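Database features, via Swiss-Prot:
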BINDING   57, 58, 59, 60, 61, 128, 327  substrate binding site
BINDING   312  heme binding site
């Protein structure tokens with residue numbers, strides 16, 4: 001197959017030398033364009049009342065589903081690479097590359113929403129009656145993306161029925177069940193973080209050193225507050241320091257952390273959270289450079305999915321208002337708005353790491369043993 005965009009602009013070039021004598025597929029055959037470009041069936045046209053914007057609606061959603069397929073393809077490969085006891089530098093680099101690809105795809109999907117918004121509410125109303133009972137709620141691939149990423153069933157907002165019950169065919173339900181049982185990206189990243197070098201109590205023991213640094217940092221703040229000449233200002237500062245102390249206690253006390261996990265306010269295990277904090281502090285060390293990029297990209301993915309949900313919510317409100325039911329029977333706008341909460345944010349703990357930062361000068365210094373260990377780039 002030759003690419004029509006790679007030549008010099010001429011349709012025919014008698015001097016061209018074929019790279020192979022084998023007969024290959026031409027462009028349209030390779031991409032199966034006959035099937036792809038014949039998959040836009042306008043129901044308004046079948047009803048002899050063609051609505052121009054229905055074609056845009058179909059094309060846009062088909063494009064979403066194609067990109068969803070690519071995201072799933074990337075997630076599955078990343079999960080395979082993470083599902084190992086040791087991940088060397090080449091694999092980490094490949095994981096970062098593929099996560100970045102997902103980020104760029106999601107940016108593209110966010111930017112597709114304004115194209116749909118070129119359609120007015122009245123234009124949409126002209127063909128909306130043909131859509132029922134179809135609904136974006138029935139996008140199997142988007143549900144698989146959520147599950148493979150790590151959205152927990154118990155965290156989902158439930159409307160009318162369980163999310164998997166909207167799929168009538170058994171194959172789709174099996175796909176949902178398998179995606180719920182298979183290790184998610186969240187689970188695999190958690191296992192990986194738990195193995196962060198430097199957490200070992202018999203080694204560098206970062207967590208104990210971090211606690212000592214926090215205690216010294218807070219004590220220095222208390223001493224500074226006690227020198228405040230205005231009593232009201234002094235009491236305010238002391239109260240603020242005590243609140244910060246309670247925040248730190250939520251990560252230093254395993255029982256408090258586990259209670260927050262059970263409540264749904266945290267996602268990572270206590271050990272994994274320690275690993276994430278350590279990588280954040282020492283991200284300039286060679287061994288932690290790529291892991292830090294990986295964690296940043298996971299937050300980017302969460303952020304972009306949230307942006308996509310938000311853009312979708314605003315578009316739905318523009319098209320059908322906030323009171324109507326969706327075409328699939330869900331509460332439309334109200335349901336979509338409820339998915340914008342932190343309960344759908346998979347890597348919530350990474351966003352909240354900044355809560356536990358301390359000044360750079362207070363970060364525990366690395367000893368020579370761990371510094372040498374962090375020069376070798378495999379995690």
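Quick reminder: no glycine exception, Cβ is built from N, Cα and C everywhere.
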Cα distance (Å, whole number) from residue 312 (heme binding site) to residue 59 (substrate binding site): 16
Site with most surrounding Cβ atoms, counting all protein chains shown within 10 Å, from the binding-site residues 61, 312: 312
Residue 57 (substrate binding site), number of other Cβ atoms within 10 Å: 19
Other CB atoms, at most 10 A from the CB of residue 59 (substrate binding site): 14
Same-chain residues at least 6 apart in sequence whose Cβ lies under 8 Å from residue 60 (substrate binding site): 112, 115, 116
Residue 312 (heme binding site) and residue 128 (substrate binding site), distance between Cα atoms, whole Å: 16
Sequence-distant neighbours of residue 58 (substrate binding site) in its chain (C-beta under 8 A, six or more apart): 40, 41, 42
Other CB atoms, at most 10 A from the CB of residue 128 (substrate binding site): 17
Whole-number Å value for how far residue 61 (substrate binding site) lies from residue 312 (heme binding site) (Cα to Cα): 12
